[in-house]
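Some features that TrEMBL has for this protein:
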BINDING   Gly242, Gly243, Pro244, Gly245, Thr246, Gly247, Lys248, Thr249  ATP binding site
DOMAIN    55-172  domain 'RecBCD enzyme subunit RecD N-terminal'
DOMAIN    671-718  domain 'UvrD-like helicase C-terminal'
Amino acid sequence: MSTKKPSDLQYTLELEAGYPERGDAEPQNDLLTPQAVLGDAAAMMTLLAQWRDSDWLRALDVEFARFLGQLSHEQAQPLEPVLILLSALVSHQVGRGHVCLDLDALLSDPRNTLALPPEESPGRSGVEPSLTPADLTDRLSLDQLLSLTSEAHIVSEGSLTTPLIMAGSRLYLRRFWRYEQQIAAGILARLSADSELAHADTKATRTLSAALSVLFSNTQAVDYQKLACALAARNRFSVITGGPGTGKTTTVVKLLAALQSVAGSAGEDGKPSRKLRIRLAAPTGKAAARLNESIGGAVSRLPFEQLPGELSQHDIPTQVTTLHRLLGSRPDSRRFRHNRDNPLLLDILVIDEASMVDVDLMASVFEALPDHAQLILLGDKDQLASVDAGAVLGELCQRASRGHYTQHTARWLEQVTGTTLPDTLLDPQGQTLDQAVAMLRKSYRFGAHSGIGTLAEAVNTNTLDEPLLTACRDQQFDDVSWVHGRSNHSEPEALLELIARHALSGSPETFAKGGQGRQLNDHDLPPPVGYRHYLSRINEHQLDSASPRADWDGLALDVLEAFSDFQVLCALRQGPWGVEGLNDRIARELLAHNLIPRAEGWYAGRPVLITGNDYNLGLMNGDIGITLAVPWDQDEQGNAKLALRVAFPASDGSGGIRWISPSRLQQLETVYAMTVHKSQGSEFTHTCLVLPDRLSPVMTRELVYTGITRARHWFSLVTGDAGVFRDSVRQRVVRASGLAQLLSKG
Ligand SMILES: Nc1ncnc2c1ncn2[C@@H]1O[C@H](COP(=O)(O)OP(=O)(O)OP(=O)(O)O)[C@@H](O)[C@H]1O
C-alpha cells in the first residue's frame, strides 16, 4: 500500500450526504475485501459500521472516526482509510481502559490487543462482519503506519493541537496524552524538588530519625513499614503499596506524625515551621468511609507525648473525603473547582485506594495541587486497575517488588532508620521513581495459616497448584470454602440454585468446623452469614410508627452494617452467572423464604448500589443503601404513615443516615450480586466469589485477586468449572500506556 495520499477518495463524495449507514448505498459485503477497505474510505466506514452493529465497537468509536473524516474533508485534506481505522481503534482502546493504542502490539497481535472479535459474538445485528481487524493489519507494517501518521494533518507529536498524538509507536487521543503528560510532569517536578529531608545530616532529618525511633519499636531486622515512612517523608511524591492488612493505614498515620514532628521542631534557623495542612482522600465514598473507620483508631494509638515537635491528636486529620468532593466537582461539568488557578489549600495530600484512580482524575489531582505540596499514594498494586482508562498505580509500582534502591538511598535509609536494606533490593541503575516507591511485605491481617492470605498470594504469584486447590476443597483452611466441594454439580442449573441457597444462609456448614472454628485476637468470630442475616434485622425490629427518627436511624445503621457481613461478587455482568442473572435468582430465593415481600421493584429490604455520581443528592458511584419502610407522611388523622425510603450512610463521616425517596434515585441497581470491579475499595466479612463455567477475557488474575481480598474473615468460592479458576489466574490485565516510560527518563 502506498503511503502517498490518494487525491480523489470516493468517500469525499459520500460525505456530502453524510457517511453511508448500513443498507444505505453501502458497498456490498462481498466487496469488502481487505484491499477495498484499505483503499477506500467509504468501504472502511461501512466495515466500521458493521463492527458497531455487531457490538465490536461502540457507536462513539465509529462516530469519532466519521467526525475526523468529515473534518478532514471540510479542510480539503481527505483521510487515508487506514487513519480512519486507527481513529476508531484508538477510541475503542480507551473505552477498554487503555490510555493509547500501541501500534506495535496492534500489528503483532491484533486479536488480543483489541479483544476483537469478542468472545461473545454476534451482537445485536446477528450478522458476522465481513472482515476482522486482523484481516486488515495483516497487510500493514509498522513503518507504513508510522509514515502515514507522520504525514497526517490530524496527528502530531504533541506540538500542534491535533486530535491524535503519536509518541513512539503509541497513538493517543489528545486528551489522554495530555493527562499522561500532566501526571508525569507533576511527579517528576516533585521528585526533583530539593528538601531538607533529602540530606542525611540536616536538623530536619535528625528529627525525622528521632520520630521514627519513637514510632517503631525496632524489633524486626527489616521493618518495611519504617522504611516506607522514611522513603515517603524524604520525597514530595511517594507511593506506599501493599496487599490487604500489610499496614498501609498504620504506616501513613505514623508518616504523618513524623512529618508533623519535623514541622513542629526547630529547623536549622532555630525556629519551628508551621504545622502542615494535611488532607486525606479516597476515590469512592465507600473507600473513604472505610479509611475513616480505621484511621481514627490508628491516630489514637500514636505516642504523641513522646514525639518531638509538641504534637497533639489534632495535628493528624481523621476525616477522609472523596477525591471528587476534595477537588470540588460541579454538576454537569467535567472541570473541578480546584485547578491550577485555584489550587487546593494543603501541604500534604494522601490518596488511599489509588489503584482506582484513572488518568483523568489523577491529572486533575496534579492540576489542583499547589507546587510545594507533597502527594502520597496508598494502594495495592496487584488489584484491578481503575474502571476508566489507565493503570496509574500499577505502572508506578511495576518495579516495586525488587526495590531498585541505589546505594545513595540505602545509605540515607541506614542513617535515618538504622536499617540495612537487603542486597536483593539494591540496584545501582535504580531510577528516580524507584527511590520514592515503598512496598509493605508482611500481612498483619492474614496469619501464616489463613486460607484467604494463602490463596491470594498463590493467585498473585500464579502458583495456584493442585495441593492448594485440594486444601480448599477439603476444608483444610478455617476461613475458605469451595462451596460445592467435591460434589459434582455438572448441571449449571443445579449449581446456580446452590449459589442462591448459599446467598441466603452463607453456608457455614461448608467451612471447617461448621464455621465455628475461628478466633481473632483471642475472641471467637461469629460463623459466616448470608443475606438472611440483615433481612432478619429488618423483619424482626420492634420499632413502630411512633418511634423517634433517631431509633430508625439506629436501625438503618445496624442493617447497613449487617449487610456488609456478606456479599456475592461476580466476574460478569450479564448471563446466568453474572450480576443480572444472580440478582434475580437470589431475590426469588429470598422471596420463596418470605424474607422479602416481592422480588422486583421497590420493597423493604431491597439493597441498592448507586452506579453514577449524583451531586445533587450527594451520592457517589458505588454507594450502597438499603430500602426500609419508615414513618414519613401523616394521614388525615395525623398518624404517621410508613413509606419506603432508602437509607445511605451519611457522607460527612458523622456516622448518621441519609434517607432518600426511591423516586429521586436515578442510576442504581439491586446489589445481592455485584461485579468485582464495583467491589474495589470495599471489604465484606464474608465474600462469595462466583466464577462462571466458561473463561472470558475479563476473568483475569487481577480480578480473582481483588475478589478474594475483599473478604475480611470468610471467603467462599463457587466455580462453574474448576479449570476456569486456574485459567483465569493465567490471564492478565495489561493496559497500554506510556507513563512508566515517561517517568523512567526522570
Ligand atoms: N506493625 C504492625 N504490628 C502489628 N499489627 C499491625 C502492624 N501494622 C498493622 N497492624 C495491624 O494490622 C491490621 C491492618 O492494618 P492496616 O489497616 O494499617 O492495613 P491496611 O494495609 O491499611 O489494610 P487494608 O488492606 O484494609 O487497606 C490492623 O489491625 C493493624 O492494627
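Please read every residue number as a count from 1 along the shown chain.
Even glycines carry a Cβ here, placed using N, Cα and C.
Shown on the structure are the features that TrEMBL records.
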{"residue": "Gly242", "record": "ATP binding site", "contacts (Cβ under 8 Å, 6+ apart)": "Lys248, Asp380, Met439, Leu440, Arg441"}
{"residue": "Gly243", "record": "ATP binding site", "contacts (Cβ under 8 Å, 6+ apart)": "Asp380, Asp382, Leu440, Ser443, Ala456, Glu457, Asn460, Thr709"}
{"residue": "Pro244", "record": "ATP binding site", "contacts (Cβ under 8 Å, 6+ apart)": "Asp380, Ser443, Arg445, Phe446, Ala456, Glu683, Thr709"}
{"residue": "Gly245", "record": "ATP binding site", "contacts (Cβ under 8 Å, 6+ apart)": "Ser443, Tyr444, Arg445, Phe446"}
{"residue": "Thr246", "record": "ATP binding site", "contacts (Cβ under 8 Å, 6+ apart)": "Leu440, Arg441, Lys442, Ser443, Tyr444"}
{"residue": "Gly247", "record": "ATP binding site", "contacts (Cβ under 8 Å, 6+ apart)": "Gln225, Leu440, Lys442, Tyr444"}
{"residue": "Thr249", "record": "ATP binding site", "contacts (Cβ under 8 Å, 6+ apart)": "Leu291, Ser294, Ile295, Ala298, Asp352, Leu378"}
Cβ within 8 Å of the mean position of the Cβ atoms of Gly242, Gly243, Pro244, Gly245, Thr246, Gly247, Lys248, Thr249: remaining residues of the chain near ATP: Asp380, Leu440, Ser443, Tyr444, Arg445
The domain 'RecBCD enzyme subunit RecD N-terminal' (55-172), counted residue by residue under DSSP: helix, strand, coil: 57 helix, 11 strand, 50 coil
The domain 'UvrD-like helicase C-terminal' (671-718), counted residue by residue under DSSP: helix, strand, coil: 12 helix, 19 strand, 17 coil
Cβ neighbour count within 10 Å of Lys248 (ATP binding site): 23
Three-state secondary structure, which DSSP defines for Gly242 (ATP binding site): strand
DSSP-derived class (H/G/I helix, E/B strand, else coil) of Gly247 (ATP binding site): coil
Per-residue pLDDT averaged over the domain 'RecBCD enzyme subunit RecD N-terminal' (55-172), given as an integer: 90
